[in-house]
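Report on the following structure.
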Amino acid sequence: MWITTASVLGSGLFVWPLHVVLVAGQNADIALVLALVWTVVLTLLIPSPQPSGIWHSATRILDGVALIVTGAIDAVMLNQLAAMLQTFFYFDTPRAALILPLTAIVGLAVNRAPQTAWRMAMLWVPILIFGTAFILLLAVVNVTHLRPLAPNDQILLMPIFQGVGILAYIGVPIGTTIRLVARKLASEPTPAWRVTAIVIPWVMLAMLYAAVMGSLGPQALTHLRWPVVFALDHVTLDSTFFLSRIGIVVVFSWTLGVALSLMVHIRLGFTWRPMGRLTRLAVTTLVVGIWAIAALVMSSPQTSTRLLLHIIDPTARFYLIAELCAMLALRGFSAVQHRAHLPAANR
C-alpha cells in the first residue's frame, strides 16, 4: 500500500489543490470525495486472480497506456519541482543543476537491486506521511478560514463534475500500480488491502486541501502557483524547537517524494515487461533522459501546467473511463463464465 501511495502522491504534489478549487470552487471537497469513490470502485473491480487469455492482454494494454501517461505526468512534476525550488530556495540556480542530479540518482537507485525501489518506498513513504501529518498539525494554528471547509450550501453539479474530471491525472497510476504490485505479493490482495492502499493517498490529499483552504482561504489560494508549498513553508515552530522554520523539511520531503514516485514508476514498468539487467539499465537511462530533457524543454511552470491540464488530464480522463468499462466488462464476463461452469442443479 505504501508503493501505491508513492505512485499516486508524486503525480499530484505541485499543482494541488489549485485547479480543482478553480473549477469547482467551494464544491471542491465534494469533487474530492467523488474522485475517491470512483477510484475505490475501480480498484474493487480489478479481478482477483489476474485474468488470462484475451483479458490478460487487454489489461496489459491498459497498464502500458497508464505507464506512458504517468511518465508524462512525471516530466511535468520534475519541471514544477525545479521551478518551485528556484522560486522559494535556490533563486539563481539553473534548472539543469536541479533536475539532472535528481534524475541521475533515481536512475542509479532503481537499478542497484531488483527490490531497491520497493524497499525504499516502504521505508520512506510512512516516514514522509507521518512527517507531513505532523507539519499539518502545526499548520492548524494558522487556520483562520473555517467556512471553506464546511459543506457548501449551494451544490452545483457541473463544477463538481469538472472538479472530478480535473483530478483524473492523479487517478491514472492507481489501477495499474495495484495490478502490477499484486504480481509481487505472495497472495492476492484482499478488498480491504486495496481500499486501504487507495484511501491513504487520498486522505493525505484531503489533509493538504484542508490545511491550504483553512490557512489561505479560497480567494488567496487561487492567486498562488504552489499554495501547498506556501502554506507549509509558513509554518513556524517555537524558537526552542530544533528548527525555527519548517521550510527545509518541506523541501526534503517533497524532493524525496518525487524521487520515490519516479523510482516506483520505473519499477512498475519492469514488472509490466520483465527484462534482463542490461536491458533494464538501457531502459532506465532512456526514461530518465526523456524526463530530464522534457522537464528542461518546458520553458516555465506555466507551460508544464498547460500541458498537464489541456493534454495530459483529458487523456487521463479518457483512460480512466476506458479502464472502468474494461473492468466492468471483465467482471461481467467472469460472472457469465462462472455461471456456465456451475452444475445445472445449482443454476
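Each residue's number is its place along the chain shown, starting with 1.
Heads up, the Cβ atoms here are built off N, Cα and C, so glycines get one too.
Whatever TrEMBL says is automated annotation, not expert-curated.
According to TrEMBL, the transmembrane segment annotation covers 30-49, 61-82, 88-110, 122-143, 155-181, 193-212, 242-266, 278-298, 318-336.
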Message: How about the transmembrane segment (155-181) with the transmembrane segment (278-298) - do they touch, taking at least 3 C-beta pairs under 8 Å (6 or more apart in sequence) as contact?
response: no
For the transmembrane segment (61-82): best-contacting stretch of 30-49, 88-110, 193-212, 278-298, 318-336, by Cβ pairs under 8 Å: 278-298
Message: If contact means at least 3 Cβ pairs within less than 8 Å, sequence distance 6 or more, would you call the transmembrane segment (278-298) and the transmembrane segment (88-110) in contact?
response: yes
- prompt: Of the stretches 30-49, 88-110, 318-336, which racks up the most C-beta pairs under 8 Å with the transmembrane segment (193-212)?
  reply: 30-49
- request: Residue list, the transmembrane segment (88-110) vs rest of chain: Cβ under 8 Å, 6 or more residues beyond ends.
  value: 78-79, 81-82, 116-117, 120, 229, 233, 247, 251, 255, 258-259, 262-263, 266-267, 284-285, 288-289, 291-292, 295-296
